[in-house]
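Colleague: Mind having a look at this structure? Questions to follow.
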2 protein chains.
Amino acid sequence: MYVQRPIAILDSGVGGLTVVKEVMRQLPLERIIYFGDTARTPYGPRPAAEVQQFTREIVDYLIQFNPKMIVIACNTATAVALDLIRDCCEVPVIGVIYPGARAAIGLTQSGQVGVIGTEGTIQSGAYEQALKRLNPHIHVLSQACPAFVPLVEQGNFRSSETLAAVEQSLRTLKQGQIDSLILGCTHYPFLTETIAEVMGPDVRLISSADETAREISTILQTQGMLASQNIVPIHQFCCSGEAQMFKTIAQQWLNEEIVQTPVVWHVPKIGTLPKIG
Amino acid sequence: MYVQRPIAILDSGVGGLTVVKEVMRQLPLERIIYFGDTARTPYGPRPAAEVQQFTREIVDYLIQFNPKMIVIACNTATAVALDLIRDCCEVPVIGVIYPGARAAIGLTQSGQVGVIGTEGTIQSGAYEQALKRLNPHIHVLSQACPAFVPLVEQGNFRSSETLAAVEQSLRTLKQGQIDSLILGCTHYPFLTETIAEVMGPDVRLISSADETAREISTILQTQGMLASQNIVPIHQFCCSGEAQMFKTIAQQWLNEEIVQTPVVWHVPKIGTLPKIG
């Protein structure tokens with residue numbers, strides 16, 4: 001059985017492109033429709049009710065593309081809106097928090113796991129809850145890193161300013177005994193090299209992106225919903241904010257994958273969202 | 001929502017205990033009922049129809065325990081009997097082949113993946129099929145290793161005889177350019193150290209056990225079927241052959257996990273299967 005409908009992936013901005021890249025790499029037959037809410041990024045400092053409303057608006061928009069699955073590729077939105085979206089959709093809806101939690105549980109030897117994320121994600125306690133729901137013996141150290149998302153949205157991945165911000169944000173966490181650190185925001189994999197440099201070689205970094213792609217694969221395959229092997233997928237990208245910056249970051253980040261696959265830079269129809277491209 | 005029913009895990013012998021150990025570690029709240037068909041091991045050299053019949057018999061037995069999920073923790077049985085068992089069960093049924101394939105696709109950088117397994121598994125082409133179903137660009141090198149299962153069933157994990165057998169079996173595969181090697185038989189993780197020594201540090205070994213436990217977690221959690229956090233699970237173990245050898249290997253292998261959890265050595269009721277313990 002083949003299901004050619006796209007996988008809808010949404011994020012507050014460019015962070016969800018880390019999930020897109022892994023889905024393109026691990027499941028190159030699958031078609032993606034992506035929405036980055038770059039006009040309203042970051043979601044991290046916003047009240048939960050507002051994030052729920054934004055997420056709901058984007059899902060309502062993406063539903064028009066008849067997706068076979070919805071992926072909330074934003075930790076903040078997963079933390080506060082996953083259950084809400086699940087309740088109003090007929091297709092499988094997955095977030096990025098449980099995949100990261102599962103990976104950490106699989107990797108940790110010491111049982112001491114660190115989590116970094118936006119204020120919204122850390123304050124929600126969603127990672128601690130997921131980790132302890134699966135394995136109550138895990139000890140969790142959490143740290144909000146509000147400085148990281150703006151750096152990524154500006155494409156500022158590897159500067160001395162970025163290194164200083166990462167060192168400052170992770171100072172407390174470094175004093176703990178963690179052996180695994182969940183990058184609990186889909187923007188953070190853009191900063192992997194800097195975070196690895198600061199945390200040192202004994203701490204394994206866990207990207208939600210890789211794990212989420214693997215769980216998308218698990219759910220589509222076990223439910224008989226993979227795409228056909230004979231069709232080259234055409235991906236679509238939408239953003240709500242300034243189009244050129246989004247397109248530049250997306251092309252830079254997805255480079256290797258994107259050259260092998262046709263891409264449409266889509267024109268969103270929500271409200272007054274500006275045109276891409 | 002809590003579902004206290006056990007996870008049923010079956011194998012041709014002791015190999016499936018590698019999956020049990022990972023489930024105990026990753027999901028310590030879940031109750032397990034295990035069946036090792038030690039009287040009829042190994043399944044690898046048997047005709048497909050016979051493996052299908054044996055698997056069906058064991059599932060019919062395990063169904064009495066009202067499991068919430070059935071895990072075919074044997075690659076040979078997964079390769080030839082997974083679809084059959086899925087068709088006759090109402091609960092989710094998962095095998096060990098797709099989890100290993102997904103992990104390899106996630107890890108490989110070169111796209112060159114090796115697979116070792118029993119004759120039955122390798123001849124079925126099930127891994128190659130799964131890998132290419134997910135990602136047609138993956139190049140697969142396969143090698144049957146019929147010498148490995150008898151060594152494990154005898155508890156012979158680290159002798160010079162074992163090293164010689166592993167070197168001999170992997171000679172051809174070592175000449176390939178693989179960067180990831182799927183241990184495509186649940187017995188093989190018992191030989192991880194020896195296999196790693198022979199393949200060298202540039203080849204990452206993928207244990208189906210770890211990945212399968214993670215997929216069990218994904219399916220139970222996304223379907224709202226995890227066990228309660230307030231009940232200590234009591235595991236049950238059954239085997240069809242000589243009980244003492246099975247119990248010795250199980251206790252040795254599960255040692256760390258088992259000391260923290262009560263275990264019942266169960267008396268199977270199929271035909272004339274002998275009593276455990």
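Each residue, glycine too, has its Cβ placed from N, Cα and C.
Keep in mind that TrEMBL annotations are predicted by a computer and have not been checked by a curator.
Take a look at what TrEMBL says about it:
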{"type": "BINDING", "residues": "B:Asp11, B:Ser12, B:Tyr43, B:Gly44, B:Asn75, B:Thr76, B:Thr186, B:His187", "note": "substrate binding site"}
{"type": "ACT_SITE", "residues": "B:Cys74", "note": "active site, proton donor/acceptor"}
{"type": "ACT_SITE", "residues": "B:Cys185", "note": "active site, proton donor/acceptor"}
Colleague: Would you mind pulling the longest C-alpha to C-alpha span across B:Asp11, B:Ser12, B:Tyr43, B:Gly44, B:Asn75, B:Thr76, B:Thr186, B:His187, which the record has binding substrate, in angstrom?
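Modeller: Per the listed residues, the maximum Cα distance equals 12 Å.
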Colleague: Could you list the residues of the same chain, at least six apart in sequence, whose Cβ is under 8 A from the Cβ of B:Asp11 (substrate binding site)?
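Modeller: Sequence-distant Cβ neighbours: B:Leu17, B:Val19, B:Tyr34, B:Phe35, B:Gly36, B:Asp37, B:Ala73, B:Cys74, B:Ala77, B:Thr186.
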Colleague: Measuring Cα to Cα, tell me the gap between B:Gly44 (substrate binding site) and B:Cys185 (active site, proton donor/acceptor) in whole angstrom.
Modeller: 9
Colleague: What count of other C-beta atoms do you get within 10 angstroms of the C-beta of B:Tyr43 (substrate binding site), across all chains shown?
Modeller: 28
Colleague: Is it possible to get the count of other C-beta atoms within 10 angstroms of the C-beta of B:Asn75 (substrate binding site)?
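Modeller: Here the count is 35.
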Colleague: With an 8 Å cut-off on Cβ-Cβ distance and a minimum sequence separation of at least 6, pull the same-chain contacts of B:Cys185 (active site, proton donor/acceptor), or say none.
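Modeller: Within the chain, B:Cys185 (active site, proton donor/acceptor) has Cβ neighbours under 8 Å at B:Gly15, B:Gly44, B:Asn75, B:Thr76, B:Ile116, B:Gly117, B:Thr118, B:Thr121, B:Cys145, B:Phe148, B:Val149, B:Ser208.
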Colleague: Measure the Cβ-based neighbour count of B:Ser12 (substrate binding site), defined as the other Cβ atoms within 10 Å of its Cβ.
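Modeller: Result for B:Ser12 (substrate binding site): 33 neighbouring Cβ atoms inside 10 Å.
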Colleague: Can you name every residue in this chain, apart from B:Asp11, B:Ser12, B:Tyr43, B:Gly44, B:Asn75, B:Thr76, B:Thr186, B:His187, with its Cβ inside 8 Å of the center of the Cβ atoms of the recorded substrate site?
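Modeller: Counting only non-site residues, the set is B:Gly13, B:Gly15, B:Gly16, B:Thr41, B:Pro42, B:Cys74, B:Ala77, B:Thr118, B:Thr121, B:Val149, B:Cys185.
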